[in-house]
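> Right, I'll just put the structure down here and ask away after.
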Amino acid sequence: MEVTCLLLLALIPFHCRGQGVYAPAQAQIVHAGQACVVKEDNISERVYTIREGDTLVLQCLVTGHPRPQVRWTKTAGSASDKFQETSVFNETLRIERIARTQGGRYYCKAENGVGVPAIKSIRVDVQYLDEPVLTVHQTVSDVRGNFYQEKTVFLRCTVNSNPPARFIWKRGSDTLSHSQDNGVDIYEPLYTQGETKVLKLKNLRPQDYASYTCQVSVRNVCGIPDKAITFRLTNTTAPPALKLSVNETLVVNPGENVTVQCLLTGGDPLPQLQWSHGPGPLPLGALAQGGTLSIPSVQARDSGYYNCTATNNVGNPAKKTVNLLVRSMKNATFQITPDVIKESENIQLGQDLKLSCHVDAVPQEKVTYQWFKNGKPARMSKRLLVTRNDPELPAVTSSLELIDLHFSDYGTYLCVASFPGAPVPDLSVEVNISSETVPPTISVPKGRAVVTVREGSPAELQCEVRGKPRPPVLWSRVDKEAALLPSGLPLEETPDGKLRLERVSRDMSGTYRCQTARYNGFNVRPREAQVQLNVQFPPEVEPSSQDVRQALGRPVLLRCSLLRGSPQRIASALWRFKGQLLPPPPAVPVAAEAPDHSELRLDAVTRDSSGSYECSVSNDVGSAACLFQVSAKAYSPEFYFDTPNPTRSHKLSKNYSYVLQWTQREPDAVDPVLNYRLSVRQLNQHNTMVKAIPVRRVEKGQLLEYILTDLRVPHSYEVRLTPYTTFGAGDMASRIIHYTEPINSPNLSDNTCHFEDEKICGYTQDLTDNFDWTRQNALTQNPKRSPNTGPPTDISGTPEGYYMFIETSRPRELGDRARLVSPLYNASAKFYCVSFFYHMYGKHIGSLNLLVRSRNKEALDTHAWSLSGNKGNVWQQAHVPINPSGPFQEKRQGKEGTAPARGLKDLGEKPSPHAQAPPPNKVKAQQETLING
């Protein structure tokens, strides 16, 4: 239930003359994730370093009016699945568990239609360290002068990492180096994948038989720990060796159980055995246990190469391969080849004739063929020859050649293919030779040269083949840009000459070729014909939807245009208003061709004529509609998000005011805006305050402003703003306003920062220190921070209260500093007092320092206050008097230390009792904190 309340907020209207505040987009990239460091690389680019598996969070902070839309893209890798194809439209880009392949340059593009888009980029460098791999190689060479053999061993350590890893070689617990042992050499080989360091043991000595450790490190970058691998070198260390229990080519019958054993004949350490299959994985049901591979009830699809590989990281892996052939036959075909020498395409008495027979078999060379004539084995003679492996035909093809064809050679010939002694069924093919055996012809049936169907319907393309025997028909696409058939194949065989298509689509339109095959018929030049397929589909129109605004009394022309369709014409166009059919509009004079659009003219926009208009366009296949929403209502306001310091705190109460600014979108498109209806509601509350705000004539780009008062700290509010014209209410715009601590207060004594705002009152992290302060509260603090350190809450004791925090355990090192720097204060008094709360709790606490940097002729830092050591698990307050000689900043610096945690709660800068307060909005401060161990 919405309640109107006049006491919740006081609204002070303020009219501002047109300022033309429309401005192009500006953008800046900041990070809010688990970055190890963000630095400037060669000044020209920013680099965001993050550990693999952490969460990447990049924010694109934008300014400009209207509010810019943000789009994230990237190069050099992919941020997420199909990231480069589907850009992310959001001001915040978040990638959970980032992978190394997701590193690269990320671009934030902000655009609002004013000027050119703003594009900023940042390079994301993903840090990682894989487990190292250690392999051992050895060489034996003759030294003829002394008649002995010299054995050299190479220990190769390889790792993938970013940044490049540092290698440390150890024998036992002793670190190895060139200078300490002449018998070793450590170097980096050329042309290796990944980072590699080789430990060379020259002329192997007894003491060289030991345990060797390769330790890799990225120097704890991003907290990545070192990794290591150990290998024990003995006098029995040897690469793997294998042998097979079967021949390298194994031919079996389908249905048999196959067992292959891969036997180790050498290798120390004991090698690991693994079976693989190519192409594809091991068959379903196959079992690989150690060196034994078992395939039950083997089938033809299980044929292929099976590889047994043995590895022990010594020398090269040992590999043995079995070529498994499962006997099978399929696809029996025949060919009739007339006399080639006489270039004949017909069978004629007195000329030669060749009949060929082929099957696809495994193993192909083991197939045998038999020829029969009229049911009896064909007898060889001078005029009847059987040949094999004709070079003009596929391999292992049997041919029956009839020399000087006689009438007595007419008959039925049968070719039988078989595997002798194998339980594989024979395949046969039959061909009849007579005076009626003629080559094929192909044609398209009358009336079937052009096939027209509707999209989504089935279609049948047909070619008729005559001749004896009739060969299969092969179909293909003629269109070069669509070379594949709807089945996805470039060529498709049909035994009856009919190509059947299910649920045709518009992209199937085009020319199709049918041609005779050169098998199961005459081996002659293919005959071919063509069929045209036309797929009709409903029209596509524009605009599909359009919002039409016009002032009352002005005319409007609505136009619905045909983009595409088949047929490409408008057969009928029906106009409706709010669902009711309108009289046909006057015909549009056009040329002889069919019209490609329909128009409706409204003489004047009124309240009665405002509403939804629909134009339904048909091309006799289907219809499509253009929708128009016609009205005289005003467009929505455009909130202005770049108001400087919109929040204003009230010293004597817990309330704040907010400067709300906006422009009116396209104010001249409709009647002038008379007033705005403003409603304000505290989030999670039901009470709503409503106010009507009158305005004078609003111009495009003119900035309007209202001050909302009596808002409660630190609550957020939903604001809704609706323009009103003589037509009535226009489009509403809404936004959420949040309490943010003011950066500049009316006077210096009000310059108090509680760190409740993410902008931390204008304080910034020093770019020249070693790490940063973190803004957190009891709800957002890291649960893994060092125990028995740091404050549980801020000074208020509430879990929502924020404070600034530093953790000084690893990876922090001695001398690291974290500095928090204030804005610049324009000094107008001689003395000031800086007051703040601090929390220093933990063993070996370093120091907390307050420095003042005066900016007269040159910048000069002055040590104003310092405190070191454990001060207990309690917030304490400090008051530090300062007397800057000119404009100044103050720095809070945490320095050095193993102190795991330290907190800071700022009260701001206050003038001493003897000081004159600076002018309003002129005071800024700087904090700097160092960490000492």
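Glycine too: its Cβ is placed from the backbone N, Cα and C atoms.
The compositional bias 'Polar residues' annotation in TrEMBL covers 779-788, 924-933. The compositional bias 'Basic and acidic residues' annotation in TrEMBL covers 903-912. Per TrEMBL, the feature domain 'Ig-like' maps to 24-123, 132-230, 240-323, 338-432, 440-532, 539-631. Per TrEMBL, the feature domain 'Fibronectin type-III' maps to 643-743. Here TrEMBL flags 751-903 as domain 'MAM'. Positions annotated as region 'Disordered' by TrEMBL: 779-798, 877-933. Feature annotation from TrEMBL assigns signal peptide to 1-18.
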> Out of 240-323, 338-432, 539-631, 643-743, what stretch is closest in contact terms to the domain 'Ig-like' (440-532), meaning most Cβ pairs under 8 angstroms?
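The listed stretch sharing the most Cβ pairs with the domain 'Ig-like' (440-532) is 338-432.
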> What is the pLDDT of the domain 'Ig-like' (338-432) when averaged and given as a whole number?
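Averaging the confidence scores along the domain 'Ig-like' (338-432) gives 92.
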> Going through 338-432, 539-631, 643-743 one by one, which has the most CB pairs that fall under 8 Å from the domain 'Ig-like' (240-323)?
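Selected stretch: 338-432, with the most Cβ pairs under 8 Å.
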> What are the DSSP helix/strand/coil residue counts across the domain 'Ig-like' (440-532)?
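Residue counts for the domain 'Ig-like' (440-532) by secondary structure: 6 helix, 44 strand, 43 coil.
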> Assess whether the domain 'Ig-like' (539-631) lies in contact with the domain 'Fibronectin type-III' (643-743), where contact requires at least three Cβ pairs under 8 Å among residues 6 or more apart in sequence.
yes
> Which residue counts does DSSP give the domain 'Fibronectin type-III' (643-743) for helix, strand and coil?
3 helix, 54 strand, 44 coil
> Tally the residues of the region 'Disordered' (779-798) by DSSP class, grouping H, G and I as helix, E and B as strand, and everything else as coil.
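Each residue of the region 'Disordered' (779-798) counted once, the result is 0 helix, 0 strand, 20 coil.
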